[in-house]
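Listed in TrEMBL:
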- 29-47: transmembrane segment (TRANSMEM)
- 87-108: transmembrane segment (TRANSMEM)
- 120-141: transmembrane segment (TRANSMEM)
- 161-181: transmembrane segment (TRANSMEM)
- 188-207: transmembrane segment (TRANSMEM)
- 219-236: transmembrane segment (TRANSMEM)
């Protein structure tokens, strides 16, 4: 499948993940598990975009601009709805911008002859990595995922092993045993970052082709993400 087709599939799954206010908790838990592949798939495609783009600086600036746009939009929506329970704090663009900044710095290392400059770029990339993990949405999963994806782009077996190791580490960090199996499974449903590994089938479905290539396909996903979250927040405020 082309990148565009897979992104449309992910957009549908994305909506399922964000409609928890409108479905029973147990259904919301199932949706949450099934959609752990969404964020990391867009991270995967961001790394692909970084590889193919003719202007990496422009690509990074576009993601940064969208992160700023979404942050402003979030603040406006949250001011309008006056309900902390349904406030919008998501901003995947900030995560993507941090990830692309990190791998951009890494990509510059091999182009430097000076050991001092190489050391500076490595330290800068580590700094961005640390900030991204600490302050961005899903950063603890998505920044390491982007790093592995970039460094192992031509080594799929190594990449997959590292994904698996990362999934096991995340599982061990989130697992807590409860008195009953039902409670334990419920806990895992809402602490299911380790399930990002379900992105692998979609990565293998990706045929390396961009797919649709026009203004609509270029910008639809940039704006679908914030707008659908804002609409869900407004509907939640007025219908619940």
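Using N, Cα and C of the backbone, Cβ positions are placed for all residues, glycine too.
Just so you know, TrEMBL annotations are computer predictions that nobody has curated.
Sequence-distant contacts of the transmembrane segment (219-236) (same chain, at least 6 residues past either end, Cβ-Cβ under 8 Å): 7, 11, 14-15, 18-19, 21-22, 42, 66, 69-70, 73-74, 77-78, 80-81, 83, 86-88, 90, 92-93. Panel annotation: around the transmembrane segment (120-141), residues 39-40, 89-92, 94-95, 98-99, 101-103, 105-106, 108-109, 112, 147, 166, 170, 193, 196 of the same chain, lying at least six beyond its termini, place a Cβ under 8 Å from a Cβ of the stretch.
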